[in-house]
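*Asks:* Marked as transmembrane segment by TrEMBL: 18-36, 251-272, 284-303, 315-339, 359-377.
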């Protein structure tokens with residue numbers, strides 16, 4: 001027979017070290033996978049996140065307008081530009097937007113063509129119905145409007161705290177009697193590129209968010225009204241601002257406490273012992289186990305509820321998977337201690353002074369979090 005079949009087994013210390021090395025290796029592998037998914041969550045395609053059809057130049061506007069005003073149907077195009085000064089998320093679904101917009105009125109425009117825009121999703125829809133400044137540029141009349149509005153919008157917080165949001169300013173002509181189509185005033189900007197963040201004031205204030213792109217888009221929303229009402233025939237003009245959440249705040253406020261609680265749960269496994277004489281010294285009793293588990297669950301529940309309140313989500317957000325993992329680990333640690341006290345599965349659980357639960361703890365935790373990252377953040 002081959003000689004290696006008769007080779008002695010490694011000593012206990014070496015086998016012990018190999019087991020810990022395997023446990024550490026699996027944990028690091030899952031952690032690396034989580035980091036990769038986090039990195040991938042920061043990549044977004046503008047066309048997939050904005051509302052409607054993205055337009056970056058004048059010739060891209062023509063096909064959109066032609067859908068709702070075919071040949072033979074007169075339409076007045078009013079170029080409209082936007083400059084944002086600040087954005088503030090008031091709550092999970094309300095956002096406060098301040099800035100100004102302008103309209104470039106071409107020579108020979110009929111006198112009955114109305115002025116200004118309305119914001120259909122704002123609390124005060126006619127906040128930009130009257131110009132604050134009017135001046136001439138060559139043959140054009142420029143009308144400037146300042147606005148400060150609170151918009152009600154639907155945001156997707158499933159990937160919180162790695163979420164990306166698209167904040168949009170939806171605009172429609174204040175004149176609903178004439179066939180008017182608002183279009184982007186590309187003459188007021190350099191060649192448009194979403195990554196340039198055009199349309200943002202240099203001192204733009206965004207708080208806990210990082211701007212990613214700006215883009216104009218157009219989308220017709222069926223109001224269920226007759227097509228002969230000209231003001232509802234065309235497409236609404238959108239100015240979109242893509243934002244990514246700054247991770248520093250949620251990382252410190254949400255993720256770090258989870259990791260600390262997980263570390264405490266792991267350390268509690270070293271207090272759990274199969275030696276009756278050591279239980280008195282370590283304080284390992286059924287009451288202590290239940291008290292520790294209840295305290296951990298309460299802390300996790302408070303943080304989970306705070307996260308749900310912040311996002312206003314009716315579904316499950318990615319951050320909650322971290323809390324669910326802690327619930328699972330707390331249950332398993334309490335079950336492990338109970339089995340040691342009652343003697344159930346003693347040969348398995350009590351092997352080498354409760355070594356198996358210690359070896360499985362971090363691979364289980366990181367593995368669950370990797371699966372959660374794949375499910376929520378995977379592309």
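In case you wondered, yes, glycine gets a Cβ from its N, Cα and C as well.
Automated prediction, rather than curation, is the source of TrEMBL annotations.
Just tell me what is around each of these and how deep it sits.
*Replies:* For the transmembrane segment (18-36), same-chain residues at least 6 beyond its ends with a Cβ under 8 Å from one of its own Cβ atoms are 10, 355, 359-360, 362-363, 365-367, 369-370, 373-374.
Away from its own ends, the transmembrane segment (284-303) comes close to residues 254, 257-258, 261, 264-265, 268, 271-273, 278, 323, 326-327, 330-331, 333-334, 337-338, 341 of its chain (Cβ-Cβ under 8 Å, at least six residues beyond either end).
Within the chain carrying the transmembrane segment (315-339), a Cβ under 8 angstroms from the stretch's Cβ atoms is held by residues 157-162, 250, 254-255, 258, 261-262, 265, 268-269, 272, 284, 286, 289-290, 293, 296-297, 300-301, 303-304, 307-308, 345-346, 349, 354, 357, 361, 364-365, 368-369, 372-373, 376-377, all 6 or more beyond its ends.
Only residues 6 or more beyond the boundaries of the transmembrane segment (359-377), in the same chain, are considered here, and those with a CB under 8 A from a CB of the stretch are 19-20, 22-24, 26-27, 30-31, 33-34, 37-38, 40-41, 158-159, 162, 262, 265-266, 269, 318, 321-322, 325, 328-329, 332.
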